[in-house]
Amino acid sequence: LVEMRMQQQAVAAGAGGARWRGDGASATAWWWVAVVVLCHLLASARAGLLESNPGLAYNFYQKSCPRVDSIVRSVTWAQVAANPALPARLLRLHFHDCFVQGCDASILLDNAQSEKTAGPNLSVGGYEVIDAIKAQLEQACPGVVSCADIVALAARDAVSYQFQASLWQVETGRRDGTVSLASNTGALPSPFAGFNGVLQSFAARGLNLTDLVALSGAHTIGVASCSSVTPRLYQGNATNVDPLLDSAYAKTLMSSCPSASASGTVNLDGGTAFKFDSSYYTGLQNKQGTLASDAALMQNATAAQMVQVLTNPIKFYAAFSMSMKKMGRVGVLTGTNGQIRKQCRQVNSS
């Protein structure tokens, strides 16, 4: 009920919001409008969010490691400033962690046959950022902050760098898992899945249709491998374009992936690939969803209505923020479960 009320408030708050114009002064003011709206929504629902998972809390490390937020933000923003591809990578890292055994940092482990060795995770990156953050936190407060919380915080801060303000609050208190198996990664949604397949993947993690549409907006940044796209473009040596794909956009994709066996990458958002905005949803409406799983959202009437709503940037930011917090609670280890890893790539020896 809390989630539904917040989503309704977000829609109402976003109505009539200013449009992005791109000039400096108005752009700054516009972003602050979005931030103010989000802060209001988050503050009004804080109690309900905490009640939904008493094992997590805001400011969990307030006494044990009071500088955790500033350290994570400082390291993350410095690295994003040098590499604009990192927001998409860290966001995907968090997503791929939570969808397999829950948000327990199991994707970070380097043991044989670990999750990161599985096909869907071979293109996942951002590990070096997590290592750098962990190193600083171990100096500031040894053995206190979990790798799972670092992943969640770094994903938020990487996306938020563009705004120079936190786009959502992160509940912390997660502990780290000790098991990582490539065989468990079948829970990850497939880029080739149709609507029902993707929805079932989300439902298996306790996420609903609203979460599916909102979290799919993560594809407003980042890239996909050609192998994830070429089945929509080619069949054998002949061109056979997916009818759910705009023909002109298909040609754009073909320029980056010129054959069925191409090994390059394509932007997930054909409009603004490095800007976290709502253009992904506008692209969906124009049959410019890069992955089959993106295009599938327009094949369900309710999902398509949500896509229309989320073309409004403020409504997108609010919905995405709520669903990210919800995803961040999936399968968490809290209390005395799991451990606090000293190094994120390996379990503690004792």
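Cβ atoms are placed via backbone N, Cα and C, with glycine included.
Note that the coordinates shown come from a computational prediction; the quantities given were computed from them, not determined experimentally.
Feature annotations, courtesy of TrEMBL:
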type: TRANSMEM; residues: 29-49; note: transmembrane segment
type: DOMAIN; residues: 55-348; note: domain 'Plant heme peroxidase family profile'
type: DISULFID; residues: Cys65-Cys141; note: disulfide bond
type: SITE; residues: Arg92; note: site 'Transition state stabilizer'
type: ACT_SITE; residues: His96; note: active site, proton acceptor
type: BINDING; residues: Asp97, Val100, Gly102, Asp104, Ser106, Glu115; note: Ca(2+) 1 binding site
type: DISULFID; residues: Cys98-Cys103; note: disulfide bond
type: DISULFID; residues: Cys147-Cys344; note: disulfide bond
type: BINDING; residues: Pro189; note: substrate binding site
type: BINDING; residues: His219; note: heme b binding site
type: BINDING; residues: Thr220, Asp269, Thr272, Asp277; note: Ca(2+) 2 binding site
type: DISULFID; residues: Cys226-Cys257; note: disulfide bond
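A Cβ within 8 Å of the Cβ centre of Asp97, Val100, Gly102, Asp104, Ser106, Glu115, the residues given for Ca(2+) 1, is found for these other residues of the same chain: His96, Cys98, Phe99, Gln101, Cys103, Ala105, Ile107, Gly177, Ser180, Asn184, Gly331.
Cβ neighbour counts within 10 Å, taken over all protein chains shown, single out Ser106 as the most crowded of the binding-site residues Ser106, Thr220, Thr272. For the pair His219 (heme b binding site) and Cys147 (disulfide bond), the C-alpha distance works out to 24 angstrom. Nearest to Cys103 (disulfide bond) in space, judged by Cα atoms and limited to the recorded positions Cys141, Cys147, Thr272, Asp277, is Cys147. Considering other CB atoms within 10 Å as the measure, the emptiest surroundings among the disulfide-bonded residues Cys65, Cys98, Cys257 are those of Cys65.
A 10 Å cutoff on Cβ-Cβ distances gives Gly102 (Ca(2+) 1 binding site) a total of 22 other Cβ atoms nearby, all chains included. Around the Cβ of Arg92 (site 'Transition state stabilizer'), 20 further Cβ atoms fall within 10 Å across all displayed protein chains. Other Cβ atoms within 10 Å of the Cβ of Cys226 (disulfide bond) number 21 in total over all chains. Taking only the Cα positions, the spacing between Thr272 (Ca(2+) 2 binding site) and Arg92 (site 'Transition state stabilizer') is 18 angstrom. Same-chain residues that are not part of Thr220, Asp269, Thr272, Asp277 yet have a Cβ within 8 Å of the Cβ center of the Ca(2+) 2 site turn out to be Ile221, Gly271, Ala273, Phe274, Lys275, Phe276, Ser278, Ser279, Tyr280. Confidence across the domain 'Plant heme peroxidase family profile' (55-348), taken as the mean pLDDT and rounded to a whole number, stands at 96. With respect to Cys344 (disulfide bond), the closest of these recorded positions in Cα terms is Asp104, chosen from Asp104, Pro189, Cys226.
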